[in-house]
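*Asks:* Residues annotated as [4Fe-4S] cluster 1 binding site in Swiss-Prot: Cys41, Cys46, Cys52, Ser281. Marked as [4Fe-4S] cluster 2 binding site by Swiss-Prot on the basis of sequence analysis: Cys68, Cys72, Cys75. For 53-270, the entry in Swiss-Prot reads domain 'Radical SAM core', with the evidence type sequence analysis.
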Amino acid sequence: MATKNEEILRKPEWLKIKLNTNKSYTGLKKMMREHNLNTVCEEAKCPNIHECWGERKTATIMILGAICTRACRFCAVKTGLPNELDLNEPERVAESVRLMNLKHVVITAVARDDLKDGGAHVYAETIRKVREVNPYTTIEVLPSDMGGSIENWETLMAAKPDILNHNIETVRRLTPRVRARATYDRSLEVLRRSKELYPDIPTKSSLMVGLGETTEEIYEVMDDLRANDVDIMTIGQYLQPSRKHLKVQKYYTPLEFGKLRKVAMEKGFKHCQAGPMVRSSYHADEQVNEAAKEKHRLGELSSK
């Protein structure tokens, strides 16, 4: 029987979506299985999978295996002892992107704290292979903090993705509880370092809300990200993947998300997606286009 608190926090109507399993979605799913690829869309139970795979021709491919060495209390990805690295994965990912005719691909990975380089070399090689085979596909990467190693981060960034995305996930106060093996300041550091290494590559970060944070703490995250030159921010509703994960403390309304987006844009982000169903890679193709337009605009202004 549900508790009184669970009754109060029953999912509101705006979080109920109609699934659209069309031919594009079915084809992409089949392709993923044929090429033995993992996707965070499936592993993390993303609510937007049908829209992204079916309508937008974008996907988030998860490399370095399907088992994460961390056990963040918000995440549905399996945890435990990872498998051996698959050194053929970069070629397989590149060919799959070609066959799926993706306009934009997000390459993410499980945390591999068991590897000295955190998987950076395989990550970088995957970026290079995807670009070699798919020169017109934009590439976004969504790595872990790789233990905070600057050397590992430099290895990854040397492959020059079109967008670097690293998620802050939650506010400073809640970070130890939500993702115990990461730190708030380390995430800010890798975002700052990425921009220092390659100023022309847009940086991006995502925040979940509904874990017990205050509005003031959300604004603090925005300020911290902007202080480290982050260009793009996404804000979405935390949804509990299972009873073992953290409970939802609040469901934000679409109007509240609209206000958060307005504040984020006023604080200087070039682009912000905010909404109940928004996830880190939601409408990622739009974000890379907006970032490219802004880069072009600034280039024109500086030449005048």
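Residue positions begin at 1 at the first shown residue.
Positions of Cβ are set from backbone N, Cα and C atoms, glycine also.
Here the structure is a predicted model, which means the values were calculated and not measured.
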*Asks:* Counting across all protein chains present, how many other Cβ atoms fall within 10 Å of the Cβ of Ser281 ([4Fe-4S] cluster 1 binding site)?
*Replies:* 27
*Asks:* Determine, to the nearest whole angstrom, how far the Cα atom of Cys68 ([4Fe-4S] cluster 2 binding site) is from the Cα atom of Ser281 ([4Fe-4S] cluster 1 binding site).
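*Replies:* That comes out at 19 Å between the alpha carbons.
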*Asks:* Tell me the Cα distance separating Ser281 ([4Fe-4S] cluster 1 binding site) from Cys72 ([4Fe-4S] cluster 2 binding site), rounded to the nearest angstrom.
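*Replies:* Between the Cα atoms of Cys72 ([4Fe-4S] cluster 2 binding site) and Ser281 ([4Fe-4S] cluster 1 binding site), the distance comes to 19 Å.
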*Asks:* Averaged over the domain 'Radical SAM core' (53-270), what pLDDT does the predicted model reach?
*Replies:* 91
*Asks:* In which DSSP state, out of helix, strand and coil, do we find Cys68 ([4Fe-4S] cluster 2 binding site)?
*Replies:* strand
